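> Below is a structure I'd like to ask you about.
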Amino acid sequence: MKFPEFKDYYQQLISTSSISSTDPSWDEGNAEVIHKLAQWCEDLGCEVEIEEIEKGKLNLLAKLGSGEGGLLLAGHTDTVPYDQGRWNYEPHALTETNDRFYGLGTADMKGFFAFILEAIKNINWKDQSKPLYILATCDEETTMLGARHFASNTQIQPDYCIIGEPTSLKPIRGHKGHVANAVRVTGKSGHSSDPAHGVNALEIMNEIMFALMNLKNKLVKEYHNPGFSIPYPTLNLGHIHGGDSPNRICGCCELHYDVRPLPGISLDGLDNMLRDALTEVEAKWPGRIDITPLHEPIPGYECSADSPIVTSTAEICGQEVETVNYCTEAPFLQDLCPTLVLGPGSIEQAHQPDEFLAFSFIDPTISVLSKLMYKHCFEVK
Ligand SMILES: [Zn+2]
């Protein structure tokens with residue numbers, strides 16, 4: 001059988017749009033990409049399962065070989081929307097120029113599947129002793145629906161997992177989580193000349209912000225992980241809007257803040273801390289304060305520095321293992337097995353106009369993936 005060339009895989013992945021967005025006018029689903037991947041994986045001898053989690057939102061799991069353990073290579077098939085008018089190249093086509101592939105998803109991260117397929121083609125699988133799995137998820141850029149669903153429902157038990165997000169081919173073993181909430185204060189507006197005629201939402205918000213700043217300092221004092229460049233959880237007040245006029249008592253005010261928890265801080269524990277911080281203000285102003293999450297919280301994640309996957313992958317890549325500040329699907333896939341994040345392209349280009357993958361990543365990535373496949377799917381001779 002004649003398989004597509006590496007560039008054909010890449011070109012088809014990029015030209016098949018699969019944007020996910022919380023804005024329904026952008027949201028497309030990923031069915032077409034998943035069906036293409038399914039066909040290619042089957043042609044290479046994989047067993048393929050496709051699961052539709054929500055309408056038009058699919059996960060694919062491909063399995064090459066049989067046996068226990070093995071290696072899971074994972075990635076998401078959705079992309080973010082693109083800034084119309086700010087791209088110099090067509091986002092939904094593969095443009096080859098300046099020794100780069102340009103296009104939406106070239107780095108983050110549909111291109112990773114072309115690398116996996118190419119590495120599989122280059123290996124003689126005759127003496128394979130453990131399975132290779134490929135997981136392609138949906139909705140990473142919005143809710144992480146695909147990875148959450150997969151991690152809580154799958155029966156597979158691989159030894160290790162690698163997620164091919166663009167890390168410039170440096171192995172990553174941890175990142176912080178992300179929690180973002182809106183706090184809305186409903187006061188009562190009135191003429192500013194008589195404060196007794198209203199309840200000032202801005203004044204209540206001032207008490208809330210004071211309480212959150214105390215929590216921010218407490219987080220700095222009480223948590224420390226030297227594996228991170230910012231070794232404590234951060235709390236940032238990022239957006240506020242309230243009131244309309246200096247001569248009116250402010251009737252409504254909304255604040256958005258985020259927290260980036262270190263790995264090991266549970267989402268429930270953090271939620272309790274955030275609620276505890278505001279209990280006093282809430283008791284003073286009953287029924288006037290509403291807290292709602294701005295997105296599904298994502299926990300922090302860490303693979304122990306002395307896990308065998310950390311040392312062996314560092315050796316294969318010839319790079320130290322690091323931690324980063326962006327979020328991935330790793331906290332969910334880590335529930336199955338020790339997980340690293342490692343892939344071609346740079347996070348600098350992710351979510352940017354003229355996203356690209358530099359050609360200098362092509363040979364090293366195929367080489368690293370082949371070595372990982374040999375290491376984890378074949379008996380050492
Ligand atoms: Zn990504």
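The chain as shown is numbered from 1 upward.
Positions of Cβ are set from backbone N, Cα and C atoms, glycine also.
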> Of Asp99, Asp108, Asp159, Asp306, which one shares the Zn(2+) 2 site with Glu141, His351 in TrEMBL?
Asp108
> Which of these, His35, His76, His197, His224, does TrEMBL list as part of the Zn(2+) 1 site with Asp108, Glu165?
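Within the candidate list, TrEMBL flags His76.
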> Among the binding-site residues Asp108, Glu141, Glu165, whose Cβ has the fewest other Cβ atoms within 10 Å?
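Counting other Cβ atoms within 10 Å of each of the binding-site residues Asp108, Glu141, Glu165 gives the minimum at Glu141.
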> For Glu140 (active site), which of the binding-site residues His76, Asp108, His351 has the nearest Cα in space?
His76
> Look at the binding-site residues His76, His351 and tell me which residue has the greatest number of other C-beta atoms within 10 angstroms of its C-beta.
His76
> Can you tell me which of these recorded positions sit near ligand 1, meaning the Cβ is under 6 Å from at least one of its atoms: Asp78, Glu141, His351?
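From Asp78, Glu141, His351, counting a Cβ under 6 Å from ligand 1 as near, there are none.
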> Near Asp78 (active site), which residues of its own chain have a C-beta under 8 A away, given they sit six or more steps off in sequence?
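Spatial neighbours, sequence-distant, of Asp78 (active site): Ser18, Ile19, Ser20, Asn30, Cys138, Asp139, Glu140, Glu141, Thr142.
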